[in-house]
Amino acid sequence: MEKQCCSHPVICSLSTMYTFLLGAIFIALSSSRILLVKYSANEENKYDYLPTTANVCSELVKLVFCVLVSFCVIKKDHQSRNLKYASWKEFSNFMKWSIPAFLYFLDNLIVFYVLSYLQPAMAVIFSNFSIITTALLFRIVLKRRLNWIQWASLLILFLSIVALTAGTKTLQHNLAGHGFHHDAFFSPSNSCLLFRSECPRKDNCTAKEWTFPEAKWNTTARVFSHIRLGMGHVLIIVQCFISSMANIYNEKILKEGNQLAESIFIQNSKLYFFGILFNGLTLGLQRSNRDQIKNCGFFYGHNAFSVALIFVTAFQGLSVAFILKFLDNMFHVLMAQVTTVIITTVSVLVFDFRPSLEFFLEAPSVLLSIFIYNASKPQGPEYAPRQERIRDLSGNLWERSSGDGEELERLTKPKSDESDEDTF
C-alpha cells in the first residue's frame, strides 16, 4: 500500500516552495560572497583593507537586524523572560553560543586566506571535503550511522580531491588577477600615508600578514612529490573541519530541548553578539590592526566590492541559520554543490581559469560521489530516525526526527495520531 506523503497538500506545497526558495537564496548569496571576496582584493591578490573589519561589520548588520525583529517578537508574544539571565543555568545556555560564534569567526577569516592562494573554482571544489568532515563529525559527535555505500562514496570523494590536487597548480603567483583597479572610498590622511610608507621598514605592514611563506613540505617526501600541496589546500581542509563543527554544533543548540520553541532571531542575536566580540578583540589586540585603524581609519582600503561583501555575508549567514533551524546540515551541504558548478563556470569566463583534461575527468567524480552518498541513505530499522514530540511555549505540538539532521513538523492537535508518524 502506497504511503501518503502528506495529509495537507497545500501545506506541503508551500513547504516545498519555501525550501526551494531558501535554497536558491543561499546559492545566490554564497556564490556572490566568493566572487566579492575575490573582486575586493587588489591586483596582487592582497587586501588593502583589514578583512576583520568586513567581518565585524557583517556581524553588526546581522545583530541589528535580529535584535529589531526579536523586540517585535517579544512584544507580540510577551516573552520578556527571554531577555533575562537570572540563573546560572540560563547564563550557561547563553554562553553556549560563544562556541559556534568562535568557530564561525575563524571560518569567515580563513576564507580570505584561501582565496589569496586558490582560484575560486578550485576553492569550491576542494571545499567539498566538508562532506567528509561533516559525515565524520555526524558519526563521532551525533552517533549517526552510515551504510557501507556511503562510506565507499566518501572514500571516492577523498581520492578524487587528492587526484584533483595532484593535477593542479594553485600557488599564489599562478593566480590570475581580476584586472580591476579599486577606487578607495576615503582619501588617506597624511598620517596614513606616512604610516604606509614607513611600515615596510618597520616590518609591520598589514598586507604582509595576509600571506604565508610558500610551503615546501613535498621536497622531503619523494613519495608524495607529485601532489602539489600548497598552503591554500591546507587552509581549506582546516576550514572544512571548522565550518563542519560550527554548523553541527549550531544546529544542535538551535534545536535541543526548549531551544526549539525559541525564536530564531533571539537565538541568532546571542550568536552574533559573540561574533562581534571575537572580531572586535582581534582588531583591538593585534598591534598592526590597531596601528592601521589609528592612522588610517576603520574603513581604510574598502571599495565597492568589500562594502557589498559586508551585506552579502550578513544575509548569507542569516540564510544558513534558517537552513540549520528548519532543515538540516545535509541540505546546506547539498546546496553548496550547486555553488560549485556556478563558481567553476564563472571562473572559466571571468578569472581566466583554464581547467586541464584531468580537471574535467576528476571534477565530475567529486559531484558523482556526493550524489551516491545522498542517494544511498540508510533504510534499515537500525538506521531509522528517532522520533520525539515536544511542546513549545505556545502549547503547539512539534515532531522531531533525528537523522541526517533535524526535520521538524508541526502537528495539529486533532490529528496527532499514529498516522502522523508516517509523515515525512
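Each residue, glycine too, has its Cβ placed from N, Cα and C.
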**Complete:** Of ASN204, ASN218, the residue that Swiss-Prot annotates as N-linked glycosylation site is ASN204
**Request:** Consult Swiss-Prot and decide if GLN259 and PHE326 are found on one and the same side of the membrane.
**Result:** yes
**Asked** Going along the chain, which residues at least six beyond the ends of the transmembrane segment (304-324) come within the CB cut-off of under 8 Å?
**Response** 22, 25-26, 29-30, 32-33, 36-37, 39-40, 49, 54-55, 57-59, 61-62, 65-66, 104, 108, 182, 185, 247, 250-251, 254, 264, 267-268, 271, 331-332, 335, 405
**Message:** Quick check for me: are there 3+ Cβ pairs below 8 Å between the transmembrane segment (264-284) and the transmembrane segment (54-74), leaving out pairs under 6 residues apart?
**Reply:** yes
**Asked** Same chain, outside the transmembrane segment (94-116) by at least 6, Cβ under 8 Å from its Cβ: which residues?
**Response** 34, 37-38, 41, 45-47, 51-52, 55, 58, 85, 123, 172, 210-212, 231-232, 235-236, 238-239, 242-243, 245-246, 249-250, 253, 267, 270-275, 277-279, 282, 313, 317
**Complete:** the topological domain 'Lumenal' (285-303) resolves under DSSP into 11 helix, 0 strand, 8 coil
**Prompt:** So are the transmembrane segment (9-29) and the transmembrane segment (331-351) touching or not, going by 3+ C-beta pairs under 8 A with a sequence gap of 6 or more?
**Reply:** yes
